[in-house]
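K.L.:
Okay, so TrEMBL annotates it like this:
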TRANSMEM  B:59-77  transmembrane segment
TRANSMEM  B:97-115  transmembrane segment
TRANSMEM  B:135-152  transmembrane segment
TRANSMEM  B:159-176  transmembrane segment
TRANSMEM  B:182-200  transmembrane segment
TRANSMEM  B:212-232  transmembrane segment
REGION    B:252-275  region 'Disordered'
COMPBIAS  B:252-271  compositional bias 'Polar residues'
TRANSMEM  B:352-373  transmembrane segment
TRANSMEM  B:403-422  transmembrane segment
Amino acid sequence: MKGLQRHLLQLMILLLIGMTLLQSTWVYLQIDGAHRLRVTYHKHLPPNCFPLEIQRRLKQHLIKDVPGITSNQIVISSFADKLYLSLPEISKPRSFYVTLESILNEQIKCLSKEIFSLEETNLNQYGFRLNQIESIQVNSPRTLDYVSILINIVFCLFLARVFLKKTAQPPK
Amino acid sequence: MIYVVGGLALAIIYTAAALGIAIWQTDLHWFGDITLACQVTLSPLDHCRLDTIAVGWETLAGLCLAALMLITTLLLAQGRQTVKRWALPPNTFERSILYRLFIIGVLTLLCAHFVTRITGPDQLGRLAMIEREGIFTSLENLCWPILLQLYVTDRSRIGRYFALTLLLVVASLAFFRGTLLLILIFGIGFYLLDFIWHILNRRNHWKRYRPILTERLIFGIVVSLLLIPAVITDSASRKAYVLSGQSTTDISSAARQPTSSLQTSDPNITQKPLLPTGLGERQIMQRIMSPLYHASMARKLADTVPPPTAWDGLARKLRLSKQPNLNEHLYHAIYPSHPAGQTTSLFFGEGAAWSSAPPLFWIISAVLFLFLLALAGERVGIPIGLLVGLAIWRGYTGGLIDILPSLMLQIIAITLIAKPWMKRMGALR
């Protein structure tokens with residue numbers, strides 16, 4: 001077996017072992033907290049209204065009200081008829097999010113007046129309503145992690161077999 | 001293995017192009033579909049673009065690492081190849097009952113699709129036609145890679161050309177330009193490259209191979225002359241359809257004009273006038289960039305909205321469940337009013353949604369898994385290189401779980417067709 005080939009194979013096997021170990025470590029020892037809080041609000045907004053401004057104000061409010069939280073830790077998304085907030089697990093009572101609901105509703109009313117020029121009678125039909133507060137485990141290993149690690153191990157074994165076969169070959 | 005390497009090379013080139021355009025196009029207001037995708041995660045457009053560029057780099061790094069492993073392994077494992085090149089025997093067409101059954105099945109399917117097409121109501125829009133003929137399109141999508149694999153593998157001329165003829169019929173009925181382009185790239189381009197590579201390794205037999213190469217070149221040119229104008233005509237007709245304003249249900253219509261300032265991150269941006277020129281270029285750029293934006297959206301959305309599980313995706317693909325799979329879930333997030341559709345969220349989106357490790361790991365693992373599958377096929381003498389190459393490309397765009405059921409069915413079909421011959425050759429014991 002040629003020297004270069006042997007070194008390349010060794011390098012590949014080491015790379016794969018390293019990748020598998022790194023992935024396993026990553027999966028089990030994540031720095032970010034293992035739990036996050038997911039708060040869901042039902043939303044009903046004027047047609048074509050997308051609450052980027054609300055998001056900005058909401059983030060500002062959360063950062064101001066919850067010490068230790070940063071903008072990057074707050075994820076907000078809008079899916080179907082719901083607004084989702086994902087936050088690091090913080091010890092805020094349910095009443096905090098109910099208050100947040102009323103703040104959101106105030107903001108949407110302001111925006112509806114400013115941007116959409118809606119009449120006061122129409123404003124009442126739009127707004128947010130707190131739906132659910134749940135604690136979710138975000139960084140637990142999932143099926144795909146195990147599948148991925150398994151594939152790496154199988155590929156590594158395959159390379160080791162090639163390596164052993166090559167080293168067993170008599171020199172030409 | 002040229003098809004496997006080719007599929008991966010295609011994915012790398014595509015990612016590099018998408019990343020290049022994402023870096024170059026700083027103003028996203030002209031890309032309606034992309035703006036909509038950014039709005040789902042409430043990202044201001046500039047943040048969304050920066051996130052997408054990061055996704056592009058990670059995807060490119062994952063694919064390049066996988067390519068490095070794949071090519072090095074191929075070079076190092078040279079000499080242990082056990083597959084017989086041009087694996088199917090010359091007489092498959094005459095002797096294999098399963099092959100004949102498969103061909104009869106494909107012919108029946110194509111006839112049924114053709115009859116449905118010509119008996120359909122006039123003035124039916126493209127999306128309505130896709131919905132009406134959905135079952136035929138799904139079955140044809142399952143069959144044409146097998147036909148392409150037979151075309152590049154079968155040693156008998158009649159078998160090869162029969163497979164090619166059926167492929168052209170499938171192409172003529174297809175709704176998607178992607179099908180035509182993949183037939184061209186894999187069936188003509190990589191096929192010729194594979195043959196040239198084969199000849200280069202046997203220089204002494206040049207005279208023997210020259211007539212075959214000439215014949216294949218001529219066929220390649222003829223098929224390209226048939227398919228390339230079809231792709232161009234289809235693109236032109238779609239552009240005219242969008243410009244005419246009839247395409248109110250076509251997602252690409254969102255690209256006709258910039259989004260309202262209310263929907264963008266910057267409320268001070270005023271609505272720009274619609275540019276009649278450059279629509280085609282913008283649509284092409286948007287089409288190339290979209291998968292990266294979808295992948296970025298998948299990652300952000302997974303942090304807040306629980307995505308469908310991998311099992312949901314598998315069950316959906318096997319028609320065992322009506323729950324949306326990951327790509328349908330993302331599509332619904334972008335276009336809530338559209339009844340059906342799928343995004344292309346890449347291996348990255350799949351990794352982001354279903355894995356707690358960075359998606360880079362899943363990108364590498366997914367490619368290695370498909371590569372191992374091709375190696376296993378080669379080891380037992382089943383010619384599945386092209387199927388796996390296509391799966392790498394299709395999986396790259398839609399995710400591995402998305403293509404796994406169809407790939408398994410295709411491998412089973414090829415195995416059954418090749419089985420009588422494999423027994424004779426002693427590959428199966």
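Just so you know, glycine gets a Cβ as well, placed from its N, Cα and C.
Because the structure is a prediction, the values reported are computed rather than measured.
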K.L.:
Quickly jot the same-chain residues contacting the transmembrane segment (B:352-373) by Cβ under 8 Å, restricted to those at least six beyond its ends, or write none.
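P.N.:
Counting only partners 6 or more residues beyond its ends, the transmembrane segment (B:352-373) has Cβ contacts under 8 Å with 4, 8, 58-59, 61-63, 65-67, 69-70, 73, 295, 298-299, 301-302, 307, 309-310, 326, 345, 384, 388, 391-392, 395, 400, 407, 411.
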K.L.:
So what's near the transmembrane segment (B:182-200) in sequence-distant terms, Cβ-Cβ under 8 Å and 6+ beyond its ends?
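P.N.:
Distant Cβ neighbours of the transmembrane segment (B:182-200) are 2-3, 6-7, 10, 85, 144, 148, 151-152, 164, 167, 171, 206, 209, 212-213, 216-217, 220, 223-224, 227-228, 386, 389-390, 393.
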K.L.:
Do any residues, 6 or more residues outside the transmembrane segment (B:135-152), come within under 8 Å Cβ-to-Cβ of it, and if so which ones?
P.N.:
3, 88, 102, 105-106, 109-110, 112-113, 116, 159-160, 163-164, 166-167, 170, 173-175, 179, 183, 186-187, 191, 194, 383-384, 386-387, 390, 406, 409-410, 413-414, 417
